[in-house]
Amino acid sequence: MNSSLIANSQTVPQQQSVHGSYHMGSSQILRELVAFSAESDELALNTQHTDDVDQVICRKHLRKLLTALQARDAVTLGHCRRVAFLAKGIANNLGWEGIHLKRLEVAALLHDIGKIGVPDHIIFKPGKLTSDEIELMSHYHHIGLDVLQACRTDHEVLTILSQTRFHFSGATNGYQCIGSEVHQGARILAIADAYDSLATDQVYRTGKKHEEIMSILMGAAGTQFDGNIICALSRWEQTERETFHEAIQEVNRNFQPKPLNEREIVEANLISNIFSYLFQIESLYDGFYIVNSDFQFVLFSPGLEQLTNLRSGDMLGNSWTNHSVPVTNQDGTMLASSEHTMNRVIASGKSMTTELMLKRPDGRLIQIEVQSVPMFGEDGRLVGVAEIFRDLSRSLKRPQEFNQLKMAASQDALTSVANRGELETQLAIMLNQASQNQNTAPLSIIFIDADHFKNINDTYGHAVGDEVLIELARLFQHETYSGELVGRYGGEEFVILCPETDLEHARQKAERLRLAVNNLKLENLNNNRITASFGVAQLEPGDSLESLFHRADNALYQAKETGRNRVCSLTCEEQMSGAVPEAVAPDQSNAGKMVFESSFSALISSDIVVYKLGGFVNDNDAHLTEVNPNRAVMRLGKAGLLPFWGKTDDRRPIEVELVFDNATRKSTSGSRNATPRVEVMIRMTPLGWIKQPEVFQKRAARVFRLLKDYFVAD
């Protein structure tokens with residue numbers, strides 16, 4: 001920055017610096033964006049295009065951006081290269097060709113360029129991002145578009161990138177673009193991006209096979225993704241199966257990042273500083289634009305598009321006038337030319353801040369703050385002006401602090417997923433939307449409870465138990481792909497809200513999650529595996545928040561009662577009829593380890609074993625579920641309305657398995673008159689929810705003593 005700018009920044013009146021105190025290099029950083037634009041224009045005029053790339057973006061700037069991304073995170077650059085290959089292949093199969101194909105390829109290469117400015121704690125987080133972190137990431141997506149605008153990137157590329165995160169159903173963009181209204185390139189890029197993310201090894205899971213990926217993508221067809229494009233990807237793989245997967249591996253083999261030289265490191269640091277500074281603007285303000293010395297728009301941010309309802313495509317390259325952005329005086333009258341902040345800062349050469357009114361398309365006026373920042377070259381000449389807007393009509397004037405407070409209020413402190421309050425708030429919003437629209441998409445909810453979690457705390461300590469909860473939360477976030485909200489409801493209980501998902505698909509998701517939990521390896525548990533039980537319910541007519549939660553909770557209770565490590569679902573009809581919900585059978589080799597096992601020698605003959613057992617059943621109000629000469633299974637105690645254990649043994653249900661070993665029937669000596677014996681092996685497991693395993697152990701020990709008494713055991 002030159003000395004005149006330093007002087008100017010020091011003489012700005014204090015009242016004009018509120019919320020707008022830029023650091024010393026701010027004007028210089030903004031000036032670099034103008035320089036990008038000027039350099040692109042100069043190269044376009046003086047260079048004959050030898051290939052399609054220069055028609056889409058200045059090749060020099062493309063190289064600089066990709067080098068900066070490599071310096072920031074080479075893994076992301078490798079991902080972008082594979083996504084570009086996939087997107088181009090899908091488009092080829094859909095008949096794309098020529099310059100349109102090149103634009104899509106460039107868009108794919110640059111779709112994650114915003115990550116250059118992402119802080120380390122987010123970009124290198126070992127797990128899926130929370131909803132609030134995703135919201136912060138969206139700022140960087142906008143920043144990427146800001147920089148690409150300044151690089152004079154082809155408008156179709158900008159359109160593709162701006163719509164890549166739109167769901168096919170329109171749910172993520174306020175239903176402004178639905179289905180085919182979303183640019184086909186954006187729909188292709190979204191699927192290519194998802195495919196490679198699923199196929200690539202992550203911190204907490206290995207990459208998925210092609211068949212599983214296609215199943216996941218088709219599960220989101222019509223909601224998040226375009227089913228026709230998924231089918232095009234499938235046809236491509238089936239037609240060129242041998243070369244398809246080999247070609248992806250070839251992309252990886254050809255990507256060997258070379259060490260950066262000193263010049264490249266300096267350029268990468270400059271670009272990183274630009275992204276970091278623009279993040280401050282995007283976080284603290286609502287939008288901004290930059291004009292060059294010819295008063296042409298070189299940047300019109302996505303945030304300003306939302307605030308003004310003006311399209312960047314209609315602004316970029318066009319000349320600024322007093323009426324380009326509809327700002328007015330406080331009384332709604334148009335500004336005179338001499339009153340406009342742009343003309344005032346050019347005349348004074350100093351930054352300034354002014355409160356004005358912005359006229360919305362519906363005629364409504366909102367109060368705004370406009371900061372105007374002139375930019376000068378090394379020779380002291382004006383090279384451009386940036387105008388930065390903040391909406392003063394919002395109840396919260398400091399969006400960054402609000403986002404931080406919102407994050408703290410809505411997140412679970414331990415796992416960083418949504419907390420109970422946020423879950424209930426979001427579900428209430430969904431229920432309200434459903435009540436107002438009878439044609440709304442289905443909504444399901446999944447309740448999850450880690451099996452025998454108290455036993456983990458008691459065996460390994462609460463610190464390890466906390467780590468298990470964190471791992472589970474990360475796993476659930478990694479394994480959800482279609483806009484689900486993962487939250488911790490309390491203790492070891494998690495809840496997943498599944499919009500646009502019916503009961504059957506929710507059951508399938510729950511079963512996939514159950515298997516993922518079974519396969520989770522935890523070093524702090526000595527690589528012992530854990531299991532979880534799942535209850536699923538779908539919103540039905542007449543449901544309230546409480547009734548939907550209660551039905552999912554009842555389904556979870558049934559999953560617990562029928563053996564844990566399984567999925568149960570429950571409908572209103574099943575709940576009213578008292579029917580036992582259908583359960584997805586678990587892999588018994590992964591069953592929970594909370595169990596009481598022992599044995600004794602019964603001092604009775606084999607022919608009265610069943611007789612003795614009958615007496616025990618009658619005297620203790622037990623219920624036999626299975627009996628034969630060698631084995632018997634019975635239940636003692638009954639569950640209450642809720643699945644939790646009560647305070648007395650009759651409200652603490654357990655399952656008791658007795659095995660009578662024929663091979664070990666013997667006498668204590670060779671005497672013919674010796675007392676006969678039968679070896680009885682006992683295995684007891686709790687039914688329902690037990691927060692304190694020692695309570696179960698004491699209950700089981702009492703039952704064991706009773707059995708020994710009945711069988712006259714020693």
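Each Cβ is built from the backbone N, Cα and C atoms, and glycine gets one as well.
Because TrEMBL annotations are produced automatically, they should be read as predictions rather than curated entries.
Model, not experiment: these values are computed from the prediction.
Here TrEMBL flags 54-249 as domain 'HD-GYP'. What TrEMBL lists as domain 'HD' is 76-198. Here TrEMBL flags 352-404 as domain 'PAC'. The domain 'GGDEF' annotation in TrEMBL covers 441-572.
Mapped onto DSSP classes, the domain 'GGDEF' (441-572) shows 62 helix, 31 strand, 39 coil. Note on the domain 'GGDEF' (441-572): its mean pLDDT in the predicted model is 88. Broken down with DSSP, the domain 'HD' (76-198) shows 86 helix, 0 strand, 37 coil.
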